[in-house]
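As written in TrEMBL, here are the features:
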ACT_SITE  Glu106  active site, proton acceptor
BINDING   Thr28, Gly29, Ser30, Thr31, Asp83, Gly84, Ala85, Asp86, Lys97, Gly98, Leu99, Gly100, Lys124  substrate binding site
Amino acid sequence: MSASEYKRQAAELAAEMVEDGMVVGLGTGSTAAFVVEALGRRHKEGLRFVAIPTSVATEKQALGLGIPLTTFGEHARVNLTIDGADEIQRGTLNLIKGLGGALLREKIVAASSDRLVIVADDTKLVDHLGMKTLLPVEVTSFGWEATARQIERLGGQASPRRNREGAFFVSDGGNLILDCRFPVISDAGRLEQDIRSIVGVVESGLFVGMATDAIVAGGEGIAHLTVGA
Ligand SMILES: O=C[C@H](O)[C@H](O)[C@H](O)COP(=O)(O)O
């Protein structure tokens, strides 16, 4: 099976966790898109829930499927958020997210969620964060060069993400994303705090201590991981 088929397997299993009356956080990315698709089917079958999307792209997909949307003005808490990740650390379920540019809204929704269930194919599992992917950091466009230099003082190499036309990628929040190459990250919590303390940084793609579960599919089947397991 392909990575995409594994992503779909994990996504559809996670979508079954949604119960009547829930407020659901809808993630962003190719795996999360399978979750939204499955929830669109469950909505048509009569499941009653409302959702908060983590990107304009997810909002459009959800609206197209008739999924009722809500906001944090209506609901202080989210019962269950289901989202993808770029790296999942075995044991801690600490994450790197943001390769799709949605880290800020994803982190805001995750921070107000009772459960954050990550869905992925097994290539996302790592022993240490930073082994396979860059670390996205969302920054204000003004003075991004100065912000990048401050990040590089922490040991990373920061470069602004560009789109296919070569222009700077601009997030849903109107900010830039710096893709940062760090050596393998040994203390994700410390690095997250250090990056967040830099003036000009809006948020980083380090999700530390936020995921409660991960549903990971691969050649050895589907595993439902929890913190510590
Ligand atoms: O900004 C994008 C999100 O963090 C995604 O959840 C993450 O990049 C994983 O995306 P995918 O499921 O497409 O691998």
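Including glycine, each Cβ sits where the backbone N, Cα and C put it.
Known features from TrEMBL, placed on the structure.
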| residue | record | DSSP (3 states) |
| --- | --- | --- |
| Thr28 | substrate binding site | coil |
| Asp83 | substrate binding site | strand |
| Lys97 | substrate binding site | coil |
| Glu106 | active site, proton acceptor | helix |
| Lys124 | substrate binding site | helix |
For Thr28 (substrate binding site): intrachain residues, at least 6 apart, with Cβ closer than 8 Å: Pro53, Thr54, Ser55, Ala57, Thr58, Asp83, Gly84, Gly100, Ala102, Arg105, Glu106
Additional residues around substrate, ordered along the sequence, whose Cβ is within 8 Å of the centroid of Thr28, Gly29, Ser30, Thr31, Asp83, Gly84, Ala85, Asp86, Lys97, Gly98, Leu99, Gly100, Lys124: Gly27, Ala32, Ala102, Ala120
Greatest inter-residue Cα distance in Å for the substrate-binding set Thr28, Gly29, Ser30, Thr31, Asp83, Gly84, Ala85, Asp86, Lys97, Gly98, Leu99, Gly100, Lys124: 16
Neighbour-count leader, CB within 10 A, binding-site residues: Ala85, Leu99: Ala85
Other CB atoms, at most 10 A from the CB of Lys97 (substrate binding site): 30
Residues that sit under 8 angstroms from Lys124 (substrate binding site) by C-beta distance, when 6+ apart in the chain: Ala85, Asp86, Glu87, Ile88, Lys132, Val216
